[in-house]
Amino acid sequence: MSKQDASDDGIPAAEAPAKRPPLNKYALACAILASMNSILLGYDVSVMSGAQLFMKQDLKITDTQIEILAGIINIYSLVGSLAAGRTSDWIGRRYTMVLAAAIFFAGALIMGLAPSYAVLMVGRFVAGVGVGYALMIAPVYTAEVSPTSARGLLTSFPEVFINTGVLLGYVSNYAFHGLPVHLSWRVMFLVGAVPPVFLALGVLAMPESPRWLVMQGRIADARRVLAKTSDSPAEAEARLADIKSAIGIPEGVGDGDNDDVVIVTRKNKGTHGEGVWRDLLLRPTPAVRRILIACLGLQFFQQASGIDSVVLYSPRVFQKAGLQSDNNSLGATMAVGACKTLFILVATFFLDRVGRRPLLLTSAGGMVVSLVTLASALHAIDRVPEGHATPLAGVSIAAVLAFVASFSIGMGPIAWVYSSEIFPLRLRAQGCAMGTAMNRIMSGTITMSFISLYKAITLAGSFYLYSGIAAAGWVFMFFFLPETRGRSLEDTEQLFGGGDGQEDVREDGHDGQKKSTELTSSQQ
């Protein structure tokens with residue numbers, strides 16, 4: 001647990017443990033299993049980068065249809081991400097992940113067997129819903145099961161596996177591009193139906209989130225999970241006490257009589273997500289409002305800076321830079337996936353050592369520099385006779401690699417880590433669902449507009465635009481995001497101006513009583 005020193009305003013200082021305890025292997029295994037669902041998103045985004053080249057020839061579709069097909073999955077995923085918050089509060093985090101894998105399996109089959117563009121769109125919708133579920137639930141579960149000392153490391157795993165999925169998608173493009181045109185893109189999609197089967201089986205071996213168990217009154221089950229996922233028995237009891245306090249279970253309740261806990265939690269607001277949207281959007285406290293802005297802003301800038309355009313359309317960028325053959329452009333694109341996956345390890349290693357803010361600011365700064373370099377190189381290539389741009393092609397490739405590396409050391413993983421740890425417990429699932437929705441809206445907007453954008457203002461102009469957005473993101477993060485390293489999940493609200501850490505110490509609006517100890521229902 002973090003050491004907390006009283007400051008003048010009553011907010012304890014964020015401080016890392018003096019001596020890092022050994023990594024909890026059980027929590028590590030849980031985080032890996034949960035995060036592997038994120039492979040599905042990465043694979044589905046990147047496999048389109050190569051599949052579109054052959055799909056266009058086979059189905060005789062236009063560039064506009066391609067960019068809609070490529071980006072629409074992010075809009076469709078809104079259905080899954082917004083539903084995932086309530087679903088995970090109702091059936092639990094674990095079964096929500098199983099549901100995500102099942103939906104994605106169906107979507108991959110539909111896409112791989114689609115006889116027409118219309119059926120492909122149906123497959124994209126089904127897969128998108130599964131992606132939305134997986135993208136929202138993995139970081140929430142991982143944050144709730146992780147000990148404080150390793151939460152940054154473990155909560156970054158979903159992004160690690162997104163990048164792994166991206167790399168696997170590129171490898172699939174390269175491996176199957178030699179098949180006949182009518183088979184190549186279909187095999188690429190059908191391969192994506194294999195991982196969900198094993199992921200669903202693996203998830204069933206995981207424990208449920210201890211915070212969800214407490215919300216259901218299952219204190220004994222939560223205590224057993226916390227004992228396995230904490231660094232010490234004392235920390236396990238402290239985490240359990242924090243969770244009970246955040247939910248509003250009075251001290252002593254649940255220590256011996258589970259029936260009392262069930263009665264209390266059923267009376268307490270929000271055990272299945274009731275009233276949460278009201279407290280997030282209609283009547284938020286100042287602290288919750290600032291938390292929501294921080295989450296939505298971070299997710300906005302993560303995608304608006306153009307990462308998915310680079311991931312999805314890098315073969316076109318490399319062809320513009322001078323790599324004309326499919327083999328060469330797909331090979332360079334595979335290098336992008338490898339670089340993106342490799343540098344994510346930098347973030348996982350340093351998250352709990354140097355903190356979230358330094359990595360975020362370094363990441364955004366590197367993205368600005370690399371985007372300006374890429375845009376300048378492409379601008380120069382436009383003015384060089386064809387066949388004389390080889391040095392500039394090298395600069396373009398290096399800039400793309402630098403861009404994805406910069407993204408992976410900060411903006412990529414930390415947007416999910418940060419969003420999953422700043423919301424109060426009762427608001428966490430739906431709050432993270434809103435952040436995921438913002439992320440998917442921006443990803444869909446960027447990817448569905450990229451071809452039209454670069455035809456209107458050139459590739460160079462597009463990347464200059466993205467660099468300006470990344471610079472604005474740096475300013476937002478510098479002034480608006482406090483450091484959360486070393487803070488417990490029940491403690492982070494104070495960083496945004498919350499009170500004494502009790503999320504429900506506020507007026508109900510029905511009877512005006514405080515709910516730190518007096519548990520009233522939002523449905524009265």
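Just so you know, glycine gets a Cβ as well, placed from its N, Cα and C.
Features of the protein shown, as given by TrEMBL:
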- 26-46: transmembrane segment (TRANSMEM)
- 30-485: domain 'Major facilitator superfamily (MFS) profile' (DOMAIN)
- 66-85: transmembrane segment (TRANSMEM)
- 97-115: transmembrane segment (TRANSMEM)
- 121-141: transmembrane segment (TRANSMEM)
- 153-171: transmembrane segment (TRANSMEM)
- 183-206: transmembrane segment (TRANSMEM)
- 332-351: transmembrane segment (TRANSMEM)
- 358-381: transmembrane segment (TRANSMEM)
- 393-418: transmembrane segment (TRANSMEM)
- 463-481: transmembrane segment (TRANSMEM)
- 491-524: region 'Disordered' (REGION)
- 503-517: compositional bias 'Basic and acidic residues' (COMPBIAS)
Long-range Cβ neighbours of the transmembrane segment (358-381) (under 8 Å; 6 or more residues past either end): 301, 305-306, 317, 320-322, 347, 350-351, 389, 392-393, 395-396, 398-400, 402-403, 405-407, 409-412, 414, 418, 458-464, 466-467, 470-471, 473-474, 477-478, 481
Cβ contacts under 8 Å made by the transmembrane segment (393-418) with residues that lie 6+ beyond its boundaries: 139, 143, 151-152, 155-156, 158-160, 162-163, 294-295, 298-299, 301-302, 305, 307, 310-311, 314, 317-318, 321-323, 332, 335-336, 339-344, 346-348, 350-351, 356, 359-367, 369-371, 373-374, 377-378, 381, 435, 439, 473, 481, 484
Overall pLDDT of the domain 'Major facilitator superfamily (MFS) profile' (30-485), taken as the mean: 85
